[in-house]
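Annotation comment: TrEMBL describes 21-40, 130-154, 251-269, 406-426, 470-488, 500-521, 527-550 as transmembrane segment.
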Amino acid sequence: MKNKVDLDNHDDASWWLIQKGVKAIFLSISLFALLIRVAVSLHPYSGAGNSPKYGDYEAQRHWMEITINLPAKDWYRNSTTNDLNYWGLDYPPLTAYQSFVHGLLLKLFDPDSVSLFTSRGYESYFGKLLMRWTVLSSDVLIFFPAVFYFVLAYFSDNSRFRKRDIAWQIAILLINPCLILIDHGHFQYNCISLGLTVGAIAAICTDKDLVGSFLFTLALNHKQMSAYYAPAFFSHLLGKCMRRRKPIVEVLKLGVVVLGTFAIIWLPYLHSVDALLQGEDDNLFIYEITSPLMRLLLARCILESTPDILHHNLQTHVLHQCLLHHAIRDQVMIFPLLFAKVLSRLAPFERGLYEDYVANFWCTTSVLIKWKRLFSVKLLKILSFTATLSTCLPSMLQQIRFPSNQGFLCGLLCSSFSFYLFSFQVHEKSILLPLLPASMLALDEPSLFIHFLHYALLSMFPLVVRDKLVQAYLAIYALTFLIINALNNGKQKRGVFHSAGVLFGCCLFCSLILHVVYLVVRPPERYPFLFEAIIMLLCFSQFIFLLIFFNVKQWTLSKAVPQMHKQKLN
């Protein structure tokens, strides 16, 4: 009967593909998605030819230069060989290890591209080609297999979806225009952290919670922005553990996996006190001494030291004496100090509440309330943390009480949206994080997903213009929506989107006009960022609506948690 249903669609252009099975579908779409990535990579990248600091391309290349020429303990430390003011490494250790591996590849084929000092601003054709291939290979080796794993895991026991639906879902995930533009145009490696997250989601959907925890911990240690998903992972896994016979044992097992993975990744910064004692950045010592732990250690050392060491370099000298004296006896107390070296690079609060014009709450409302002028950084951190946690909480509570796979995906979307809209230090590129779970839920709300994708692209448009990627943007924009509509056969579900069709249609029309206006009209001299502000305001209004909608949708799932799934957890 199923074959008959499929055969009835033989007049569709994708009929032959649908008949070949999931593996053939995935392979065909993957090849096409790879071709799109190659085409986009032929365009300019962030900071191309823009000295002295260039852009993200140079940052990634510089990290390869640093990691292959310096020992691991010096990667995050300011020194004469590693100037942190010039694209200092500010991602977790797994990104550093990835840079090291890619740096070895560049050193093998083009040593000049990663030579210490002399390679700054290196932009040879062959060097750029190698850099582009490192991103493509990361996509193929991590993101693509993770998507295939998710499709098999999520749809294997779900008979309500046809092969056509699965093909549409694969296309949605692999031909993600925002991800392609950022990774293969602008130049980053988001495909690695997002791929690890997709793998973690797939594992958890098949009740391989330990594997999922391991993969998500890897994602956290590749990019700290993966923490946008942490509340959803925490609440879903906690909810599953609470429904099992030995909840405490289950929680302990997950904790061991997470902490063990963190310990292995951070080992170079934990195994030796020398990594701390050889620091050259006096600011780091001052920062550490402001902590209660260091005050206690410093006071203890001063009491035990002789007066002749109390000179102008007291802080550094006493700190060294203290750590040397208590290194063995107080090893546990030293670990936070070792972490502080790297953590101070991963949380750059000095950059401010937001950068550029990002479509979140703080930037949008700054038109009326000058947050940066009126409030201190400390207070802004408290406000952003409170707002983020408050908007995450309803979704978390739902998953703790009623864990389910679909609820988990909704939770990931709500959690990442909360971080994007309300957390501290958000970039335009962070829209990739809520877009990922939205892509996974596209079959449930196809119209809303397409709506979201449109505004996600619009929110990135000013960045795309700065990177001179307008041609690639317009091409992939048109191609993506053609593919989505073709594979979906124009049959989109009725729902909240259609009930307010006129309003959404007006917003869509305005956004299309904004693209043209931004490119051809010069803003008033008094308001040079007027168009960025309008784009930001329009996108923010849509994102807030989506956050509210998916929170409500997630709670409606509470009554529909499959009984079979409940029994499975017992």
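A Cβ is built for glycine as well, from the same backbone N, Cα and C atoms used for every other residue.
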May I ask you to check whether the transmembrane segment (130-154) and the transmembrane segment (21-40) make contact, with contact taken as at least three Cβ pairs under 8 Å and only pairs 6 or more apart in sequence counted?
yes
Among the recorded stretches 21-40, 251-269, 406-426, 470-488, which has the greatest number of Cβ pairs closer than 8 Å to the transmembrane segment (527-550)?
406-426
Could you give the residue numbers and ranges of same-chain residues that sit at least 6 residues beyond the transmembrane segment (406-426) on either side and whose C-beta is under 8 angstroms from one of its C-beta atoms?
201, 204-205, 227-233, 235-236, 348-349, 351-355, 358, 360-363, 380-381, 384-385, 387-388, 391-392, 394-396, 398-399, 433-434, 436-438, 440-441, 444, 540, 543-544, 546-547, 550-551, 553-554, 557-558, 561
Same chain, outside the transmembrane segment (470-488) by at least 6, Cβ under 8 Å from its Cβ: which residues?
13-14, 36, 39-40, 43, 164, 167-168, 171-172, 175, 177, 180-181, 185, 446, 450, 453, 457, 461, 464, 519
How about long-range neighbours of the transmembrane segment (21-40): same chain, 6 or more residues beyond its ends, C-beta under 8 Å?
136, 139-140, 144, 147-148, 151-152, 163, 166-167, 170-171, 174-175, 180-181, 183-185, 469, 472, 475-476, 479
